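Here's what TrEMBL has on this protein:
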- B:27-46: transmembrane segment (TRANSMEM)
- B:114-134: transmembrane segment (TRANSMEM)
- B:146-177: region 'Disordered' (REGION)
- B:152-168: compositional bias 'Basic and acidic residues' (COMPBIAS)
- B:201-219: transmembrane segment (TRANSMEM)
- B:225-250: transmembrane segment (TRANSMEM)
- B:293-314: transmembrane segment (TRANSMEM)
- B:377-395: transmembrane segment (TRANSMEM)
- B:407-433: transmembrane segment (TRANSMEM)
- B:445-464: transmembrane segment (TRANSMEM)
- B:476-497: transmembrane segment (TRANSMEM)
Amino acid sequence: MRERITFIQKQGDSIEPTTLKIKGGVLNGPEIQAAREDRLTIAIDELPKDLQALLGTAHELHIRYVSSQPYEAITPLLARLPPGFHLFYTPAGQADATYPALFLALNQLFGGVQCENPEKSFTTLPRDRFSHSAAYQFYQPSVDLSPFIALAKEKLCSSSKDQSCAARADRLTNASSLDISYDAISHAVKLTATWPYQKQEVHATSRPQTRTEVGVLNSDRPGHLEPHELGISGLLTVLGQDKKPSATMFAFASRHRDAESSFSAEFLEPTGLHPTLQLRLESSKPPIEDAYCSPHAYFTLPKTIFADRHQLSDDLFLASKNLTGLRYISQPVDLEAPEYVEKRWGSSLLLELSPPKHEESRSWTAQVPLHLRYLSPAEGGYTDIQVPYPAVFWACAAEEGTKFPNNPFEKANLGYDGLFGPRTVFWHVEPRPTIGNRLSNMIKVPVLDTNKAEWVSGGTGLAVLLGFAWIMWKLFGVLSKSGYQNQPLQAAEVVKAKKNQ
Amino acid sequence: MATTSPAAPRPKSKSSSLLSTLFSRPLTLYVSAFLLRLVLLLYGLWQDANSPLKYTDIDYLVFTDAARFVSRGESPYTRETYRYTPILAWLLLPTTWTAGAQWGPLAVKVINVAWFSFGKVLFAAADLVAGWLIEEVLVMGKDFPSSSAAQGKEKDTDEKKEGGRKGPSETASTGMDPSRARAFAAIWLLNPMVATISTRGSSEGLLGVLVMALLWAILSRRITLAGLLLGFSVHFKIYPFIYAPAIVWWMDQERLSGVRAGGGGGGGGGGGQKKTSSSFRKKFTSFLTLPRLLLAFTSLATFLSLNFLMYRLYGHPFLQETYLHHVTRIDHRHNFSPYNTQLYLSSASVLSPSHSAGAAAAAAAAAAEPKSKIESLAFLPQLVLSTILIPLTLAKKDLPTSLLAQTFAFVTFNKVCTSQYFLWYLVLLPLYLPRSSFWTSKRMGLVALGLWVLGQGLWLQQAYELEFLGRSTFLPGLWMASLGFFVVNCWILGVIVGDGGR
């Protein structure tokens, strides 16, 4: 088991090495303004047996939870996803054989996973173009982390008396993201949690049978930095091994960068059954000058709401919404089914946005037309749904020949990265809501009011019966007056009959 | 969502000289019907090219997408929500054609747009042919009381045996004067709702021409042709199967020229006296006339062989999308049907286990099972009226009115009802209107039209509040509005039934 604890400050905010006190596997430091990332790498044979069995059936499994609290991204922790619970999965063998175990494990690890049948709930990801994306995707806007925290305490804390370990697990509640990543090649599970940029004390304690490395880093710009690279400098300490921190400075290529601008997303009023989500971007300028860049929005929409890809195929229509085109949508998306019969979790889509062509940068909007499904009838006639913010980024092409080898803070398999070529760099735009403090919007969806539904069955039946009876009455009137024969014909028959006599 | 349009006819004053010149010569009417569609088609192209709000119906994009799949050798059902026979996609194959590079860029654009509009042209042309058939049937005036007959004049049945439709005495007694016939055909031909629907690219116009051709064929004793048309139209859109019992019932021996010796009575008199088993058997065998068997054979053979062919070509998706979907569908977005609210309610109570635990939900679903029976019962009044009682009562007296009443009942009592369905009965309206109470009493006609429009208007107002303002108008607004519209329709249907029995 290996542990890596990283405190990351902004550029220029480095601390003096002497302020870090290392004593017997415990590191103490000053209170600093920093983001924090904890990464625990567990070899598969160190895991409990049931989890081993589960992961044995997987080729690749990535669970990514992102908090709906807005947070400022700090280099190099820049990759963003829409807030919520994401799952990317590639089975080792036949998918349907592994589903029951996966389903069971998901429900043990997290509360409120609305995935009764992975076979029907998951959507497939395109694997034809770039093989580095997982096979299946699942998403839901929120999840309960408490079972996972309880499990972490049970398995990771040496004893129930270890208060600091328990407190650390509890802090997962405030994490801005939590990743659980496994792939069959590395044969290890990586648990990565990050906390937002805030005031916090530098502190770390080593644990038995664990190599713990602590870094107090800040982003930097060393002279030899290539345009596609990020620079990091700071202090590294391996607990129980190093007597004092060692200074470090390194640079690495990163596919995720900070565009240093923000956006917000709001629904236009009235929302009706076809709400329009308006994205307001602070800047219309690409983050770098000398590369082809284009802004994109990546959505994971729960099944209550969807985009119609056919509607998003007309150039005039798209242009009127400041959209360039629909680059990807998970297939299939049922355009008619009510929410309560839809089995798939929802849909993911990638939209290319069309910024105004102006010399100077200005704020601009793009409108995303969406459609609501019918929801179950409810008391009061309205049901609130949450629609998560998208991830918005400028996708820029890196120079020919640029390589992006794995870096220590790399995140791959985010749902959208597989939709772009390997030389694409994602310059993330920070979500910053103008109203409220959540990275999601609420819609009040009109539904059938069950309080008023008492008379529907009887009333409908009565109306149909009355209508039916009235027509029956008229039919009876016709039959009793003139039968069902053609009148003149009957007359002719009588004539014929008389002649025959 | 359904939309309304002024649909029903307006009484036309005989004194209007402009109108009489319009109808006196066929050319003026058909040219104006053609021009109406041409203008709408061109306007639609302009709107599509210049506005993000499209004139073209979404269904048209479904058809043309399906045609594109077919052109690439794929199944039309690759296009989601394509719920039609593959023949429609085949018919629209020209919409996938494009101009070669030898033309200039502007010419290429024009040619491509023209090819893409092929379907709309086809649907609009179908409208015109349907209108012409309406005129033909009215002029033919056979086997159903003409407007003059409604005033008490009876016709000589012996003349019926003389197959040909141009019997001079016959046209004089029952057929309609051509210019008057054209005036009624104009209800269809110059109807803005009809012209808009087909130029927006909805395929209902094709059904109009199929149904009118079926009626024309059967009235002119072209039994094989009628069978082919019947089988084809049922394959195309299912609902015309309701016409089969009416046509079969109507096909008395007396009515058809090939009379066999022996069987005197048709399908049994209004008040039979000697009801022995042998006479029943006799009646039954005499019911099975050669033309009836021929019609049954040709229509069934057409229907089955088309389905067999399509199934061989496209497999289960064909069956699922074209037919089974209509049985299993639960996409009850609001529509005019009186059952709509009830279906929303019961579908949700049966099928919403997603939020509760599996076992409990299954139990709840099982408990709610009897509730869903209301849905299956909804077929009953609809089918009893449209396939049994109305044809039995009216078909022999007045076949076109019977078909109209059946269609009206089918649409009114259907589980799903949108404004496109109104076209199904609108095409038959000109045949019935001349001898209807709505025509004899213009006031009653206006009241019916007014109520029909008002019923839709009230519903649309509620639907607008739901769809665009997000107000929960399901109850009571939308529900009451759909029931109100249903009641209006039932009243109109009752009057049609009464008129058909005169």
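A Cβ is built for glycine as well, from the same backbone N, Cα and C atoms used for every other residue.
The stretch from B:114-134, B:293-314, B:476-497 that makes the most Cβ contacts under 8 Å with the transmembrane segment (B:27-46) is B:114-134. Among the stretches B:225-250, B:377-395, B:445-464, the one making the largest number of Cβ pairs under 8 Å with the transmembrane segment (B:201-219) is B:225-250.
Between the transmembrane segment (B:225-250) and the transmembrane segment (B:377-395), the number of CB pairs under 8 angstroms, six or more residues apart, is three or more, so the stretches are in contact. If one looks beyond the transmembrane segment (B:476-497) by at least 6 residues along the same chain, the residues whose Cβ comes under 8 Å of a Cβ in the stretch are 334-338, 340-341, 390, 393-394, 401, 404-405, 408-409, 411-412, 432, 436-438, 444, 448, 451-452, 454-456, 458-459, 461-463, 465-466. Long-range neighbours of the transmembrane segment (B:407-433) within the same chain, counting only residues 6 or more positions beyond its ends whose Cβ lies under 8 Å from a Cβ of the stretch, are 1-5, 7-9, 130, 134, 137-138, 144, 184-185, 187-188, 191, 193-194, 197, 202, 204-205, 207-208, 211-212, 215, 239, 242, 329, 332, 335-340, 343, 375, 378-379, 381-382, 385-386, 390, 398, 400-401, 439, 456, 486, 489-490, 492-493, 496, 499-500. Long-range contacts of the transmembrane segment (B:293-314) within the same chain: residues 75-77, 85-87, 223-224, 226-228, 230-232, 234-235, 244, 247-248, 251, 322, each at least 6 residues beyond the stretch ends and with a Cβ under 8 Å from a Cβ of the stretch.
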